[in-house]
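Below: one structure, written as structure tokens.
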Amino acid sequence: MHDVSIHWYRNGLRFHDNPTLLDACQQSKTMLPLYVIDPEVPFAQTQGLRPACIRANFVMESIQEVDKKLRNMNSQMIVILGKPKQVIPEVVALFGASALYYEQEAAAPIRKADAEILQELKSKVGKDCDCKGYPTHSLHPMELYLSKCKGNVAPSSYGAFTKIFNNLKVPKEVEEVTQVPPLPEDALRKLKDKFGEQFRMPTLEDLGYENTKEKLKNRAKGGIDFIGGEDAGLKLLRYMMSRKQWVATFEKPNTSPNALKVDTTGLSPYVKHGCVSPRTFYHELSKVYAQFNSKEISKPPVSLHGQLMWREYNYLMGYSTPNFHQMADNPVMRQIPWDDDPQLLSVWENSQTGYPFIDALMTQFRETGFLHHLGRHAVACFLTRGDLWQSWEKGAEVFEYYLVDADWSINNFNWQWLSCSAHFYQYFRCYSPVAFGKKTDPDGTYIRKWLPMFKDMPSKFIYEPWEAPLAVQEKCGVIIGKDYPYPIVDHKIVSKDNMSRMKEAYDSQKNGLPMPESQPVETNEKRITFADSSNSDDASHEPDSKRRKK
């Protein structure tokens, strides 16, 4: 039994099925619930990369809810602004804590940072503090998976991974934490004396976010208001599980990228930030499946169980693959000679490609921090191998910045997949920025919602407004080349050219030849670039961008 312990929060912002918190409570006489926020790069997953306002707000709401519940248990969340590498050893030393409980991460940059923090802690307090890491942010520990893999190497396909997964039993949930140990004696005074103004619950403005009301005003426009916290997450989980037939027959490819409301569970932000336990989600699904004949139930990889298994596989790849976040020195990557054109990246990010379907998707993405997975597929393909031939690494950074559910391993895996750089190699299968959206929304209702300038555009032209006669454009109040740009590229031409470039890159590696040189895509000479960083949620692509710590 520890006289004083610290429960260090990052994810795991919940009281149900939280093994780390439960053990800390059961093994401690007093406990300090601690969250350290680096005000320069709050809630960063990749070193130096800030999230946009929507994700920062989601995490802050989740922290505030945990604090409220802790106060009802005669404790509180201790929030300190500073570098975790500096703050954690100082807090341990201040209270003479003999144990530090924390939830381990699979993401390589966080594991690297954790190792540095623990090494710093060891150098300051020696062996006096027992550091207890719990691999409970996934269904199983990554090391358990690797122990089942040949040569401790992660399988190269999802199918091979499922064979390993299916031979393991998902752990049961642990009991909910309803009482916590008290704070150490005189803790609040000691913290105030030591840390001063660093010891406080910050606002978004304290963390460097500006115009927050404006940036958050449309967060519910996509159909779900992603309010942070365990209560909102469990409420959404209960609602989704009440739709039993939908749950049992769910097949992710059959959902719609341009539905006006979220066409999947919408639980990904809550699972990512640990507001909802992945084990709770998995077992709740099992309860629903048990009420149906096995022939009626959809199966992995497209089922909801299958989606959680994809998460596990993505985590395993991110955990075990060196340099997983980049093309260079990444052993699973095909080397592709991507272009590097910041203007094309900005045009794509800021909904100025001239393709209304792509621009509507990117508008929803920026304004809500969320996008249907097929919408993510369409815009990722467009940026990379489909049209603009820009590196998936650039796209992954934009996604990590905006998405409320941004998850390092999953984000990088999906960008590698969609760019045909790894995991998926059928580069001749390309999303059309015109035809794909028409399949599920021929009238362009989704486009009208997110790009209201097209509200009066006839359905015949809404996916290709440049084809509308000038008289039609004038009547609708949208003149192409003046009010809305011409297409940045001709998809029919560049998609074929890019397929040839992919084939050349693949063949050169197959034959041991040097990687082909980059050749910029041919852009439309009539294009007018409307992109303006002032309209892009405080983002730009300059070296001193607010995405990155200055």
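A Cβ is built for glycine as well, from the same backbone N, Cα and C atoms used for every other residue.
From a predicted model like this one, the values you see are computed outputs, not experimental measurements.
Pulled from TrEMBL:
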type	residues	note
DOMAIN	3-139	domain 'Photolyase/cryptochrome alpha/beta'
BINDING	T264, T265, G266, L267, S268, D405, A406, D407	FAD binding site
SITE	W338	site 'Electron transfer via tryptophanyl radical'
SITE	W392	site 'Electron transfer via tryptophanyl radical'
SITE	W415	site 'Electron transfer via tryptophanyl radical'
REGION	505-550	region 'Disordered'
COMPBIAS	538-550	compositional bias 'Basic and acidic residues'
- Query: Compared by Cα position, which of the recorded sites W338, W392, W415 is the closest one to L267 (FAD binding site)?
  - Reply: W415
- Query: So what sits near D407 (FAD binding site) in its own chain, CB-to-CB under 8 Å and at least six residues off in sequence?
  - Reply: Q45, A107, S268, K272, R311, N314
- Out of W338, W392, W415, which of the recorded sites is least crowded by other Cβ atoms within 10 Å? W338
- Cα-proximity to W415 (site 'Electron transfer via tryptophanyl radical'), 10 Å cut-off, over recorded positions T264, W338, W392, D405: W392
- By Cα-Cα distance, the member of recorded positions T265, G266, W338, D405, A406 nearest W392 (site 'Electron transfer via tryptophanyl radical'): W338
- Item | Other CB atoms within 10 A, centred on G266 (FAD binding site) | 20
- Message: At a 10 Å cut-off from the C-beta of A406 (FAD binding site), count the other C-beta atoms across all protein chains.
- Response: 23
- Separation of alpha carbons, W338 (site 'Electron transfer via tryptophanyl radical') and T265 (FAD binding site) (Å): 34
- Please name which of the binding-site residues listed here, T264, G266, D405, A406, is nearest in space to W338 (site 'Electron transfer via tryptophanyl radical'), Cα against Cα. A406
- Message: Please identify, from the binding-site residues T264, T265, S268, the residue with the sparsest Cβ neighbourhood, meaning fewest other Cβ atoms within 10 angstroms.
- Response: T264
- Looking only at the domain 'Photolyase/cryptochrome alpha/beta' (3-139), what are its DSSP counts of helix, strand and coil residues? 60 helix, 32 strand, 45 coil
- Query: According to DSSP, which kind of secondary structure is W415 (site 'Electron transfer via tryptophanyl radical') found in, if we only use helix, strand and coil?
  - Reply: helix
- Item | Cβ neighbours of L267 (FAD binding site) where a neighbour is any other Cβ within 10 Å | 22
